[in-house]
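Annotated region 'Disordered' per TrEMBL: 17-37, in sequence order. If you look up TrEMBL, you'll see 20-32 marked as compositional bias 'Basic and acidic residues'. The annotation transmembrane segment is assigned in TrEMBL to 82-102, 114-138, 158-178, 199-219, 225-245, 276-299, 319-337. TrEMBL lists 93-335 with the feature domain 'G-protein coupled receptors family 1 profile'.
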Amino acid sequence: MWYQAPYRCEKSISRCPDGPVKKSRDAEEHGRPLHHQRLNTTFQMQKPNYPRQLAASRLSLASETEAFKNSRQSGCFIATEVFLTLGIVSLLENILVICAIVKNKNLHSPMYFFVCSLAVADMLVSVSNAWETIIIYLLNSGQLVVSDHFIRQMDNVFDSMICISVVASMCSLLAIAVDRYVTIFYALRYHNIMTMRRATFIIAGIWTFCTGCGIVFIIYSDSTPVIVCLVSMFFAMLLLMASLYSHMFMLARSHVKRIAALPGQNSVHPRTSMKAAITLTILLGIFIVCWAPFFLHLILMISCPRNIYCVCFMSHFNMYLILIMCNSVIDPLIYAFRSHEMRKTFKEIICCYSLRNTCGMSSKY
């Protein structure tokens with residue numbers, strides 16, 4: 001549903017070399033939402049009929065083999081192998097993060113539990129995109145033949161998984177920001193305020209809320225206000241986290257200076273807290289960079305679906321999905337580079353796994 005089919009842009013626009021946009025006869029004659037129209041095999045792209053439906057999906061586009069082949073020329077085609085590779089790498093990396101947090105008791109803290117929640121969200125978006133890519137490949141190769149209705153339903157499921165993932169990522173990042181805020185400014189009362197039980201309830205609440213969002217998204221998938229709510233939530237979360245981090249760094253700087261000025265005081269804890277806050281700021285920055293094009297795509301779909309420049313931007317939707325998957329790949333690398341404890345646990349798990357494989361191979365001989 002979020003995929004904007006790559007329209008052919010006006011020749012007068014140098015950035016988009018393709019021909020003019022043409023409406024589908026079916027859409028004109030029946031006046032039905034574009035989402036329910038079968039794509040022409042000649043791939044004369046339709047304009048979306050707002051506000052009922054946003055655009056043709058990647059999955060439904062792939063159900064028309066000839067149209068899918070032609071879309072490589074007018075849109076941004078990315079090989080199936082790229083999606084699968086990123087999906088597998090992200091899955092393995094985030095499983096490693098979760099295993100490291102479970103294995104190392106030093107990482108059994110609320111902050112790392114929230115990091116674990118973020119890792120699950122990263123896995124969800126990568127696995128859903130990779131799985132959708134596999135289905136598209138099977139449809140395109142003729143190895144999977146299903147009805148259009150089933151394709152639409154599957155598309156809604158994959159879109160809802162992306163919705164759940166982005167909401168879970170935002171909520172987990174917000175929970176981490178609040179945790180760092182409490183750590184820095186209420187250090188003496190931190191363990192009373194942020195207990196493991198409370199952190200568990202927060203994570204359960206996050207995923208209950210995200211699942212509810214996904215269900216609502218499936219039920220009201222044809223409704224533009226749902227997309228507006230998702231975009232509004234994204235910017236509201238960013239504003240709230242930016243406010244928290246700004247306040248955190250401004251006051252923490254003076255807080256650290258005052259502690260360092262006192263004789264015989266150890267400033268290791270504040271420095272550790274600040275390092276963790278900086279790490280989470282990097283995570284937030286990567287999240288914004290990787291997800292911003294996707295949300296801009298949604299904004300353009302709502303605000304200017306027929307504008308030639310918007311159409312050209314939206315034709316690169318697959319690239320924005322790749323950026324989202326890259327975010328899932330980059331996050332575990334940030335944990336590894338910024339946390340010595342995580343890096344050490346990663347090495348232990350990998351070495352232990354390699355040693356087991358070596359012992360297993362030698363025992364056969």
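Glycine residues also receive a Cβ, built from the backbone N, Cα and C atoms like all the rest.
The highest tally of CB pairs under 8 A with the transmembrane segment (82-102), across 114-138, 158-178, 199-219, 225-245, 276-299, is held by 114-138. Only residues 6 or more beyond the boundaries of the transmembrane segment (158-178), in the same chain, are considered here, and those with a CB under 8 A from a CB of the stretch are 1-2, 57, 59, 111, 114-115, 117-118, 120-122, 124-125, 128-129, 131-132, 202-203, 206-207, 209-211, 213-215, 217-218, 221, 230, 233-234, 237, 240-241, 244-245, 248, 280, 283-284, 287, 291, 324. Within its own chain, the transmembrane segment (225-245) has Cβ neighbours under 8 Å at 54, 163, 166-167, 170-171, 173-174, 177-178, 181, 213, 216-217, 277, 281, 284, 288, 291, 295, 298-299, 301-302, counting only residues six or more beyond its boundaries. Looking just at the domain 'G-protein coupled receptors family 1 profile' (93-335), the mean pLDDT is 84.
Counting same-chain residues at least six beyond the ends of the transmembrane segment (199-219), those with a Cβ under 8 angstroms from any Cβ of the stretch are 110, 113-114, 117, 156-157, 159-161, 163-164, 167-168, 171-172, 175, 179, 226, 230.
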